[in-house]
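Peer 1: As annotated by Swiss-Prot, substrate binding site applies to 8-15, 21-22, ARG58, 110-113, LYS121, 137-138, 181-182. Swiss-Prot lists HIS9 with the feature active site, tele-phosphohistidine intermediate, giving sequence analysis as the kind of evidence. According to Swiss-Prot, the feature active site, proton donor/acceptor maps to GLU110. The site 'Transition state stabilizer' feature in Swiss-Prot is assigned to HIS180; the stated evidence is sequence analysis.
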Amino acid sequence: MAFLILLRHGKSVWNEKNLFTGWVDIPLSQKGIDEAILAGQVIKDLPIDCIFTSSLVRSLMTALLAMTHHSSKKVPYIIHDAPQQKQMSRIYSEEEQHMIPLYRSSALNERMYGELQGKNKQETAEQFGEEQVKLWRRSYKIAPPKGESLYDTGQRTIPYFQETIFPLLQNSKNVFISAHGNSLRSLIMDIEKLSEEEVLSLELPTGKPLVYLWTGHTFERRPEPFG
């Protein structure tokens, strides 16, 4: 058995400005920082063996801030993919026992919003019409101009989860994923076997952890309080 913790990053500066963010690398706002710390307090007693984030800073900030309150007192350290960086950041002491590896991947990035990125959501609705913007945002396979649909997002998140993260859970490793609303929705669709209609109604608030227990056969959603 193993725990899987999913956390949508805290509010970003652009979330608060009501702008489409997507792959634009925007940091957390002060409210987002507070949300990340509070989320860490909620999951502080759950075992965590490894952490995964997207390549975007708001995802990384959320994970690092959340872990400052973990009861294990272990420190996250980033595992670099580049061979030279990987070798140069190697730990040669017992201190490694007090650390938790953190892996970053663009496969977990937010849905890419294409030509909507940086635009105000309300102004976009006024420009293109509310129905068109609703289709771009809430349909399963319709993408905004030069952007991704939720389906497209799942085409990178789900294989990464199945090939890289799921084997860890099968080996009883407890995993914490800090990512984004749409990348996590696509993962939850796979984990909970949701239909296209069901996933479209799924809302994930910022800074609110979801916890699953992998039983060896299935994922079970755990109620709060966790631990």
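A Cβ is built for glycine as well, from the same backbone N, Cα and C atoms used for every other residue.
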Peer 1: Looking only at C-alpha atoms, tell me how far ARG8 (substrate binding site) is from HIS180 (site 'Transition state stabilizer'), rounded to the nearest Å.
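Peer 2: Roughly 5 Å, rounded to the nearest whole number.
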Peer 1: Please report the number of other Cβ atoms within 10 Å of the Cβ of TRP14 (substrate binding site).
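Peer 2: Taking every protein chain into account, the count is 19.
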Peer 1: What subset of the recorded positions HIS9, GLU110, HIS180 lies within 10 angstroms of GLY22 (substrate binding site), using C-alpha positions?
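Peer 2: Matched recorded positions: GLU110, HIS180, sequence order.
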Peer 1: Helix, strand or coil for HIS180 (site 'Transition state stabilizer')? Use DSSP.
Peer 2: coil
Peer 1: Expressed to the nearest Å, what is the distance separating LYS121 (substrate binding site) and GLU110 (active site, proton donor/acceptor) at their Cα atoms?
Peer 2: 16
Peer 1: Which of ARG8, HIS9, LYS11, ARG111, HIS180 has the fewest nearby Cβ atoms, counting only those within 10 Å, among these recorded positions?
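Peer 2: Ranked by other Cβ atoms within 10 Å, the recorded positions ARG8, HIS9, LYS11, ARG111, HIS180 bottom out at LYS11.
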Peer 1: Between the Cα atoms of GLY181 (substrate binding site) and HIS9 (active site, tele-phosphohistidine intermediate), what distance do you get, rounded to the nearest Å?
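Peer 2: With the alpha carbons as reference points, the distance is 8 Å.
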Peer 1: Just to verify a number: CA distance, ARG111 (substrate binding site) to HIS9 (active site, tele-phosphohistidine intermediate), in angstrom, no decimals.
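Peer 2: Here the two Cα atoms are 14 Å apart.
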Peer 1: Determine, to the nearest whole angstrom, how far the Cα atom of LYS11 (substrate binding site) is from the Cα atom of GLU110 (active site, proton donor/acceptor).
Peer 2: 13
Peer 1: Going by C-alpha positions, which of the recorded positions (HIS9, TRP14, HIS180) is nearest GLU110 (active site, proton donor/acceptor)?
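Peer 2: Of the recorded positions HIS9, TRP14, HIS180, HIS180 has its Cα closest to that of GLU110 (active site, proton donor/acceptor).
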